[in-house]
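Student: After the structure tokens below, expect a handful of questions from me.
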Amino acid sequence: MKARAKCILLIEVFWAIGTVFEVILAVFVMPSLGWRWLLILSAVPLLLFAVLCFWLPESARYDVLSGNQEKAIATLKRIATENGAPMPLGKLIISRQEDRGRMRDLFTPHFRWTTLLLWFIWFSNAFSYYGLVLLTTELFQAGDVCSISSQKKAVEAKCSLACEYLSEEDYMDLLWTTLSEFPGVLVTLWIIDRLGRKKTMALCFIIFSLCSLLLFICVGRNMLTLLLFIARAFISGGFQAAYVYTPEVYPTATRALGLGTCSGMARVGALITPFIAQVMLESSVYLTLAVYSGCCLLAALASCFLPIETKGRGLQESSHREWGQEMVGRGTHGAGVTRSNSGSQE
């Protein structure tokens, strides 16, 4: 329970490593080989991951729910061996096999409001994160917001399919803003167990919104880079806090489904954001920034309105029990048997 947030956030460090790797790869590949080779080389890690997936251990809880108790026990024994800990006494049991994740479970009275708020939070996270990535290249090429606003009027006669390559200076500034994801992880790691998950997400959204509004001012390139650095650090931090909160708030049977649907809403945000960060930008850079800032302010409110704070609480195993009370009152009328709706030890 104490290390859960830290472990998830430390895994997220590798997202930051991947983003930095991509910029460095583009620096060497784009000037000589072009975008097609960049795309091919970027896909190589995905191919390696697809092969390595066969060595990933399956979740013991999933195996129990699937009726594969032997495999679940083997996984638990492996975990115990690797941690130098003894296996708990008793045997693995299944109380209710039918408690598999269903879409309607996300909209029970207890979770309906949480699900809708989380969908909007994840949508806003991806919408703003990838929007900022697209805006960064546009702003660096123009110099600042005022320059890009005036340039759009001057290039109307230019072919709309023309592509302007980034300069070496653009790539270096892009690398600086990408490196912001590392302090974003560290800040989130430091505050998430102090402020809680909800306040951490809200804080990240608010700071991103403030940085977006400050871009309205005609700032120099150095200040532009600093504002983009801070904005990206905190929007990535909000993303990481959402990755911690979402699996914690749903019970075992619907945890993967809840996280999956939230991730799906994030992809919707990522699909829509190019129409704002590039198409709307052609009409008004200020309206574009206002859309991202307003969206994140609403996401900050949504974070505050989440009905459950998961900091310091155990993972819920069943939606049929009170949240966070899984380790209390499992015995049934003095029977002395400890049971779980998704699989536990007797």
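Here, residue 1 is simply the first one shown, and the rest follow in order.
Here the Cβ of each residue, glycine as well, is placed from N, Cα and C on the backbone.
Checked TrEMBL, it gives:
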DOMAIN    1-311  domain 'Major facilitator superfamily (MFS) profile'
TRANSMEM  7-29  transmembrane segment
TRANSMEM  35-56  transmembrane segment
TRANSMEM  110-130  transmembrane segment
TRANSMEM  174-193  transmembrane segment
TRANSMEM  200-217  transmembrane segment
TRANSMEM  223-245  transmembrane segment
TRANSMEM  257-277  transmembrane segment
TRANSMEM  289-308  transmembrane segment
REGION    327-346  region 'Disordered'
Student: Go through the chain and flag residues at least 6 beyond the ends of the transmembrane segment (223-245) whose CB is under 8 A from any CB in it; none is fine as an answer.
Tutor: 4-5, 8-9, 12, 15-16, 118, 121-122, 125-126, 128-129, 132-133, 136, 139-140, 143-145, 173, 176-181, 183-185, 187-188, 192, 197-198, 200-201, 203-205, 207-208, 211-212, 214-215, 262, 296, 299, 306, 310
Student: Which of 35-56, 110-130, 174-193 shares the most C-beta pairs under 8 angstroms with the transmembrane segment (289-308)?
Tutor: 110-130
Student: With the transmembrane segment (110-130) as the reference, find which of 35-56, 174-193, 257-277 contributes the most Cβ pairs under 8 Å.
Tutor: 257-277
